[in-house]
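Here the structure is laid out as structure tokens; the discussion comes afterwards.
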Amino acid sequence: MAPSAWAICWLLGGLLLHGGSSGPSPGPSVPRLRLSYRDLLSANRSAIFLGPQGSLNLQAMYLDEYRDRLFLGGLDALYSLRLDQAWPDPREVLWPPQPGQREECVRKGRDPLTECANFVRVLQPHNRTHLLACGTGAFQPTCALITVGHRGEHVLHLEPGSVESGRGRCPHEPSRPFASTFIDGELYTGLTADFLGREAMIFRSGGPRPALRSDSDQSLLHDPRFVMAARIPENSDQDNDKVYFFFSETVPSPDGGSNHVTVSRVGRVCVNDAGGQRVLVNKWSTFLKARLVCSVPGPGGAETHFDQLEDVFLLWPKAGKSLEVYALFSTVSAVFQGFAVCVYHMADIWEVFNGPFAHRDGPQHQWGPYGGKVPFPRPGVCPSKMTAQPGRPFGSTKDYPDEVLQFARAHPLMFWPVRPRHGRPVLVKTHLAQQLHQIVVDRVEAEDGTYDVIFLGTDSGSVLKVIALQAGGSAEPEEVVLEELQVFKVPTPITEMEISVKRQMLYVGSRLGVAQLRLHQCETYGTACAECCLARDPYCAWDGASCTHYRPSLGKRRFRRQDIRHGNPALQCLGQSQEEEAVGLVAATMVYGTEHNSTFLECLPKSPQAAVRWLLQRPGDEGPDQVKTDERVLHTERGLLFRRLSRFDAGTYTCTTLEHGFSQTVVRLALVVIVASQLDNLFPPEPKPEEPPARGGLASTPPKAWYKDILQLIGFANLPRVDEYCERVWCRGTTECSGCFRSRSRGKQARGKSWAGLELGKKMKSRVHAEHNRTPREVEAT
């Protein structure tokens with residue numbers, strides 16, 4: 001078996017052992033708090049903007065915190081929303097395709113509804129008063145400048161004289177992945193620039209310099225799927241700034257076979273790249289790329305790789321620290337589907353680009369480090385003070401020797417891969433019912449340290465709020481899912497996510513619309529100190545009276561209680577109710593069950609992460625015993641199910657939860673078992689009168705009462721008795737029963753006995769709220 005197959009089997013085996021265990025606790029991978037779409041709206045935690053037509057068909061989103069605006073690109077339109085209000089006064093600019101473009105798109109065989117329109121896909125800041133917007137233009141990409149005004153103004157209109165071709169800036173298709181960033185008046189874009197989507201390139205355009213693009217050599221880009229582009233400075237010398245592209249590509253198998261594999265890359269080009277003078281004219285002369293590795297170590301050195309790059313978030317640090325790259329990956333294996341989050345230090349990426357180049361003698365050979373002499377200036381290095389040395393005036397890439405450019409063209413790949421921090425993912429998800437598409441991160445200062453809160457957007461319209469606790473070294477981090485927030489009413493893939501640390505808001509976009517979501521709402525965790533502490537949310541702390549937002553400036557106050565790493569309320573919440581006190585505070589609720597039938601005792605803990613335990617106190621016993629489950633008694637997620645109730649099951653059941661050593665009582669239920677002999681006494685059998693023969697034809701069969709199906713499903717053993725009782729109740733107060741019951745004289749007799757049935761019902765504490773003249777549902781329908 002191949003090493004990768006061994007790794008997959010090892011990972012699946014571990015997941016099956018973990019997920020299939022009969023332990024009482026689902027673990028911290030289950031969200032502690034689940035909030036539905038309605039819950040978020042009622043708590044005033046989210047605000048939704050769906051556009052004037054009820055659906056935006058969102059394609060692009062740009063968060064401008066300088067202007068306090070959120071700009072959206074949709075179907076034939078752009079929108080501007082103010083951040084200081086919940087979308088009360090949006091601005092809209094209609095931007096349909098130019099005359100004739102839609103018709104030409106249809107003639108070329110494209111779909112008139114989903115493709116032959118202007119899908120606005122690029123929104124980039126152009127200057128202090130304008131945005132650069134580009135759309136697909138019905139498969140004829142178009143760009144224009146959008147006036148947005150100065151800070152404090154809420155204006156939005158398109159400059160008609162600025163409309164120009166967007167080829168090389170925006171994809172032709174509305175669904176094809178791409179990435180772009182705007183730097184010093186120029187747009188850098190990674191995309192497929194042709195109508196058929198086959199010509200992949202990295203393109204620079206829009207400024208005073210000539211346009212620059214990738215070489216057409218297939219060794220540079222193999223069917224890339226661009227995810228992100230960003231300018232990342234390396235030092236104080238701006239001439240050394242580079243634009244980094246994060247993407248996946250499909251390459252030939254490294255073993256020289258005919259198969260292809262998917263790998264993730266980080267590539268870069270210099271901002272001041274001007275191409276070559278004789279070689280690589282108007283082409284990138286500083287392009288390099290390296291592999292991004294995100295894998296789970298397995299036995300024997302085998303690794304399970306997550307090779308498909310889904311999204312990237314740059315966590316900019318405070319002064320003196322290295323930038324961190326959070327990357328979301330997925331598997332491309334047909335065996336199982338999984339997702340992982342890996343974190344890379346930017347210093348490690350720089351080290352790889354300063355390392356050896358990858359080289360092989362031919363397509364059938366293995367890759368190895370280049371062992372020859374590397375020309376000067378080193379290929380991939382930007383023209384700067386380092387290269388403009390006395391006697392070697394390399395002030396521009398056009399001054400680079402031809403051998404440098406030829407080497408750069410032949411060796412764009414680095415030999416060393418970029419490995420994540422601690423050598424493994426900080427988060428692995430392989431048991432999700434949904435897929436993960438988007439990631440943003442917020443670094444939060446808590447009482448016991450600093451934590452990175454990860455927000456993950458799914459394909460079902462929900463957001464997962466997660467923290468990963470690293471124990472140190474290469475140990476596997478502990479994953480804690482804090483919340484699962486259903487942002488949109490209808491399940492829809494989340495395609496855009498932006499975070500505003502200043503406003504403590506998350507902006508979530510989908511094809512339907514955009515939502516403004518608070519990063520935290522601490523009071524939803526509960527009203528007790530223990531519940532606030534067990535939540536382990538870095539945003540929240542107990543202030544002595546309630547669970548509120550933690551502010552580091554106030555963190556030194558004595559009564560601020562917070563424990564993210566351990567979540568131990570016993571240490572943080574002294575004087576709170578213990579288990580024995582909690583049992584006495586929860587009143588017991590009476591529950592009745594019938595012998596030999598099924599009965600369900602419901603227990604819904606506040607936290608799905610807690611371990612649930614059932615205790616039974618039988619009459620006469622000194623203390624409670626733990627309920628033992630078997631084929632007859634089942635422990636489900638929502639409570640305790642008795643498939644066949646016994647008279648010995650009577651007693652007081654206490655449902656308790658245990659989480660991080662803290663136990664609390666959820667519910668107490670006093671189960672009273674009604675034995676079968678008692679039912680026989682309550683409903684004595686009566687002789688059945690002879691039925692008159694049918695008048696010709698087939699004998700008519702009375703319709704079956706609706707309640708009989710339910711009683712048969714739960715295995716009720718005294719169906720004739722209940723049937724008899726129900727007929728008496730329905731016939732009470734009427735002069736004639738329905739045709740599906742007995743004769744009129746029989747109904748009069750039943751009316752006389754119906755009061756006895758009511759008295760019996762009172763003794764059984766049954767709750768009958770039906771009206772006096774209620775009839776079976778089947779009779780009402782006739």
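Sequential numbering from 1, following the chain as shown.
Every residue, even glycine, has its Cβ placed from backbone N, Cα and C.
So that you can see what the record holds, here are the features copied from Swiss-Prot:
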DISULFID  CYS105-CYS116  disulfide bond
DISULFID  CYS134-CYS143  disulfide bond
DISULFID  CYS270-CYS382  disulfide bond
DISULFID  CYS294-CYS342  disulfide bond
DISULFID  CYS522-CYS540  disulfide bond
DISULFID  CYS603-CYS655  disulfide bond
DOMAIN    32-519  domain 'Sema'
DOMAIN    569-671  domain 'Ig-like C2-type'
CARBOHYD  ASN44  N-linked glycosylation site
CARBOHYD  ASN127  N-linked glycosylation site
SIGNAL    1-22  signal peptide
Which residues in the same chain, at least 6 apart in sequence, have a Cβ under 8 Å from the Cβ of CYS105 (disulfide bond)? PRO97, PRO112, GLU115, CYS116, ALA138, PHE139, GLN140
Just to be sure I understand the packing, how many Cβ atoms besides its own are within 10 Å of the Cβ of CYS603 (disulfide bond)? 23
Which residue counts does DSSP yield for the domain 'Ig-like C2-type' (569-671) in the helix, strand and coil classes, in that order? 14 helix, 47 strand, 42 coil
May I ask which of the recorded positions ASN44, ASN127, CYS342 is closest to CYS382 (disulfide bond) if we compare their C-alpha atoms? ASN127
Sequence-ordered list of residues in the chain of CYS522 (disulfide bond) that lie 6 or more positions away and have a Cβ within less than 8 Å of its Cβ, or none, is CYS532, ALA535, ASP537, TYR539, CYS540, ALA541, SER546, CYS547, THR548, HIS549
Just name the most isolated of the disulfide-bonded residues CYS134, CYS342, CYS540, going by other Cβ atoms within 10 Å of its Cβ. CYS540
Tell me the Cα distance separating ASN127 (N-linked glycosylation site) from CYS270 (disulfide bond), rounded to the nearest angstrom. 22
Within 10 A of the CB of CYS116 (disulfide bond), the number of other CB atoms across every chain shown is 21
Given the disulfide-bonded residues CYS143, CYS270, CYS294, CYS382, CYS655, which one is most crowded in terms of C-beta atoms within 10 angstroms? CYS294
Determine, using Cα-Cα distances only, which of these disulfide-bonded residues is closest to ASN127 (N-linked glycosylation site): CYS143, CYS294, CYS342, CYS603. CYS143
If you measure ASN44 (N-linked glycosylation site) to CYS143 (disulfide bond) at Cα, how many Å is it? 38
Where CYS522 (disulfide bond) sits in the secondary structure, as DSSP reduces it to three classes: helix
DSSP-derived class (H/G/I helix, E/B strand, else coil) of CYS540 (disulfide bond): strand
For CYS342 (disulfide bond), name the DSSP secondary structure in the helix/strand/coil scheme. strand
Please report the three-state DSSP label of CYS294 (disulfide bond). coil
Taking Cα atoms as reference points, which of the disulfide-bonded residues CYS134, CYS143, CYS294, CYS342 is nearest to CYS603 (disulfide bond)? CYS342
